[in-house]
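Student: The transmembrane segment annotation in TrEMBL covers A:26-43, A:50-68, A:74-94, A:106-128, A:185-203, A:231-253, A:273-298, A:310-333, A:345-367, A:395-413.
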Amino acid sequence: MSDTSDTVVRPAGFPSGAAPGPLRRYGPWIVLALLLLVLPRVFSSGLSISTMCVMGTMIIFALSYNMLLGQSGLLSFGHAVFFGLGGFLTAQMMNMMAGGEGPLPLMVYPLVGGLAGLVFGVIFGAVATRRAGTAFAMITLGIGELVTSSALILRGFFGGETGITVDRTEIHQVFGLSFGPQVQVYYLIAGWCLVSVIAMYAITRTPFGRICNAVRDNPQRVNFVGYNTTVVRFIAFSLAGLFAGIAGGLASINFEIMNSAQMGAAESGSVILMAYIGGVGNFAGPIIGAIVVTYLHLMLSDLSDVWELYFGLLFISMVMYAPNGIAGVIMMQRPLIRRGQLLRVAPYYVLALIPGLVALAGLSMIIEMTHQLSISASEGLGMTMMGIAFNADALLPWLTAVVLLGGGGWLGVRAARLAREAYGAAMVRGRVQ
Amino acid sequence: MSNADQGGTAALELEGLEKSFGPTRIIRGVDLTIVRGERHAVIGPNGAGKSTLFHLISGHYRPTSGRIRLDGRDITGLSPEQINRRGLARSFQITNIFPQLSVWENVRCATLWAMGYRYNFWRDIDGLDDVRLRTEEILGQINLIERWDMPAGMLAYAEQRALEIGLALASDADILLLDEPMAGMSHAESQHMVELIRKVSENRTLLMIEHDMGVVFNLADRISVLVYGEIIASDTPERIKANADVQRAYLGTEVA
Ligand SMILES: Nc1ncnc2c1ncn2[C@@H]1O[C@H](COP(=O)(O)OP(=O)(O)O)[C@@H](O)[C@H]1O
Ligand SMILES: [Mg+2]
C-alpha cells in the first residue's frame, strides 16, 4: 500500500521525521531566557522594572487566553475569572502561611494560583464547553458576572470592595531572597513566564494542540475523525484556566493586593484586547499584544484622562484593517523578505504612516478639546498639547484639528492604497524573478 | 475477491430505518445488509435520500425509527465520533475539510485517534513516527505529497475532493462510506479516483453513492437503488441493469 509514497519524490521541507537540531529546538528559548536575564540591567529604573513585571504576568494571561480564542476558536468573555480566582487563592494561602510558618518559599506560590485556575476551569468548563459559538460566549459572560457578584457577597474571602492585601516578604525565605526589592519579583515573574510560555508553546505541538486547531476550523468534521469536540473544548478551557491562574498568582505576589474587580468584565475585555491587538493567529501574537497594551496603557493613562477611548479606537481599527494583529502584519512581510522586496515597499509604509499620524494628532486634539470643554470645564478652558498652550473654545485650534484630521486622513487613505499596490506588485515581481 | 455472493457476515445492517424532517418522510423504511468485504453502491435520483441515509448511518442524524447495526452491534443513536471509533469512516458530498490547516495537518489530524494518541497533550506530535509515516502514506495515495504544506482551502477543487477521501482513509476504518467521491471531477481525475477506491477498499467494506453508471457497474459488487426514500432493488450490477422497475424509476430517465 505504501508503494505510491516511495516512488514520489518528497518536496523540499517535507516532514522527514529527523529530530530538529538542538539549536533549532532550544535556541529560541535560550535566547529568550538570556533576554529576560539582562532586561533589568538595560531598563533598570524602578518604573521599567515594575512595568516589566506587569508585562510578564500579562504575557502568561494573554497566551492562556489564546489557547481558547486563537487555538480553539472559543471566544470567552470571562477569562479574568481564572486570573482572579488564582490570584485570590494565592493571596489567601500567603496570608495563611505569613510569618514564615509554611515551609514553602514564595517561588512556588503561583502554583496555588495555577491549581485554583485549573480546578475552577474544570468546574466552569464542564458547563460552558457543552456549547460552542455564541452560546459558549454568553455562558462565559454569565460566569464572569456570577463570580464577580459572588465575590462581593463573600466578603470574608474576597475582602469586599477593598480586596485583600498580602505581604510577600512574610513568606518563608530561601537563598536569602526576601522579595522586598522589585527586581527579585521581576526574576520570579520572568522565570514563571519562561516556563509557562514554553509549556503553552509545547502544547500547541501535541496531538491535542493540533486537534484544537481542527476544532477551530471545522468542529463538525472533527467528530467524524473520532474526536468529541466537547472534550477537546473542555480540556482547552481547563488548561487555559491553569495558566490564567498562574498569571493571577503572580499578579497578587507582584501587587500585594487582589481586588474583585480584577476578575470582572473589564479585565476579561482587556485580555481579549491584548490577544487581538497582538494577533490571535500566531503564537507570538499575544506576547506582543501583552507588551504593547501594557506599555500603551501606562503611557496613555499618564497622557490623557480618556485613554480608554484611544484603546477603543485602536482595537476597532485593528479589527477592521489588521484582523491578524501586529503579528499578522509582521508575518505579511515574510514573503517580501523571501523575495528580497521589503526595502522597495518599506518607503510606501512610511509614506502612509506620516499622514496617518497627522490625522491621529487631529483626532486626539478634537477628543481632548471636547473633554476639556465638557468634563474638565471647571478647571478652566486653557490646555496644552505637545507643549503648545491654547484655549479649548478658541476657533483656531478647532480649525487646525479639523484640517489635520481631514487632510491627514485623505492623504493617508491614498498613501495606504499606494502601499497596498506596491505590496501586490512586489509579490508579483518576486514571483517572476 | 468479494464474499458478497458467498454469504459472509454482515458488516452493516439497516432495519426498518426511517427519517422524517417535520412531516416529510425522507427515508421510508430501509432494510439493507452490507456484507463484510463487499463494495456496495447506492444509486438513485437527486433528492432520493442517499446522503440522508449516510448521515443516519454515520451518526450525523438520529433516525426517527429503525435500527442500525455495525458488526452486529447496535449503533443507533450513537454520536459520529463513537461510530467512527467503532471502525466506520466517511466522506462528504460537499467538501468538508479543515480549510485553514495545511494538507499535511488535515490528514494527520484524521489519523490521530485511530493511532491511539487521542487527547494527548504532552507528546511532541512531530516526534510520532507512526503518525508521520501513516500521514505520508495517505498523502501518497491521494496524490497530494506535492501540496503537503498548502492550506487545504487553497487547493484546486479536485484536490480538495481527494483530500476529502484522504480524511476518510486516514482513520483506517473497516467500513468506508463515500458520498459521491467523483462528483465534479474530470475524466482523468475520476479515473485515478476509481483506481484509488478499488485499491483502498480491497481489505475493507465499501458503501458508496455514485452517479456515474460506468463507475458503479465497474466497481460495485452489489447495487442498491434508492427512490423516494425506499430501496426498490438491491442486486448485482447485471441484474440491476436488467431490472424493469429500476429501468422505469431511474435508469430510463438518466442513462438514456
Ligand atoms: N436537514 C434537512 N432538513 C430538511 N430536509 C432535508 C434535510 N436534509 C435533507 N433534506 C431533504 O431530504 C431529501 C433528500 O436529500 P438527500 O439525502 O441530500 O438526497 P440525495 O443525496 O439522494 O440527492 C431532499 O428533498 C432534501 O431537501
Ligand atoms: Mg446527496
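Glycine too: its Cβ is placed from the backbone N, Cα and C atoms.
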Student: Please work out whether the transmembrane segment (A:273-298) lies in contact with the transmembrane segment (A:310-333), by counting C-beta pairs under 8 angstroms that are 6 or more apart in sequence and asking whether there are at least 3.
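Tutor: Taking Cβ pairs at least 6 residues apart, the transmembrane segment (A:310-333) and the transmembrane segment (A:273-298) are in contact, with 3 or more under 8 Å.
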Student: For the transmembrane segment (A:26-43), which recorded stretch in the set A:185-203, A:231-253, A:310-333, A:345-367 gives the largest number of Cβ pairs separated by under 8 Å?
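Tutor: Per the Cβ count, the answer is A:185-203.
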Student: Restricting to CB pairs under 8 Å, which listed stretch, A:185-203, A:231-253, A:345-367, is in contact most with the transmembrane segment (A:74-94)?
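Tutor: The stretch with the most contacts is A:231-253.
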Student: Take a look at A:50-68, A:106-128, A:310-333 and tell me which one has the most Cβ pairs under 8 Å to the transmembrane segment (A:185-203).
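Tutor: Counting Cβ pairs under 8 Å, the winner is A:50-68.
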Student: Mind checking which residues reach the transmembrane segment (A:50-68)? Cβ under 8 Å, same chain, six or more beyond either end.
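Tutor: Distant Cβ neighbours of the transmembrane segment (A:50-68) are 39-40, 43, 74-76, 79, 82-83, 182, 185-186, 189-190, 192-193, 196-197, 200, 203, 212, 236-237, 239-244, 246-248, 250-251, 254, 271-272, 274-275, 278, 280, 283, 285-287, 289-291, 293-295, 298.
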Student: Please report, as numbers and ranges, the same-chain residues at least 6 past the borders of the transmembrane segment (A:231-253) whose CB is under 8 Å from any CB of it.
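Tutor: Distant contacts of the transmembrane segment (A:231-253): 56-58, 60-61, 63-65, 67-68, 71-72, 74, 76, 79-80, 82-91, 94, 106, 109-118, 120-122, 124-126, 128-129, 132, 136, 166, 168, 179, 185, 188-189, 192, 196, 199-200, 203, 208, 211-212, 215, 222, 262.
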Student: List, by number or range, the same-chain residues at least 6 past the transmembrane segment (A:310-333) whose CB is under 8 A from its CB atoms?
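Tutor: Same-chain residues near the transmembrane segment (A:310-333) but 6 or more away: 273, 276-282, 284-285, 288-289, 292-293, 296-297, 300, 304, 342, 363-364, 367, 423.
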Student: Which residues of the chain, 6 or more past the ends of the transmembrane segment (A:106-128), have a CB below 8 A from one of its CBs?
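Tutor: That would be 76, 78, 81-83, 85-90, 93-94, 136, 139-140, 143, 168, 171-174, 177, 179, 188, 191-192, 233-234, 237-250, 252-253.
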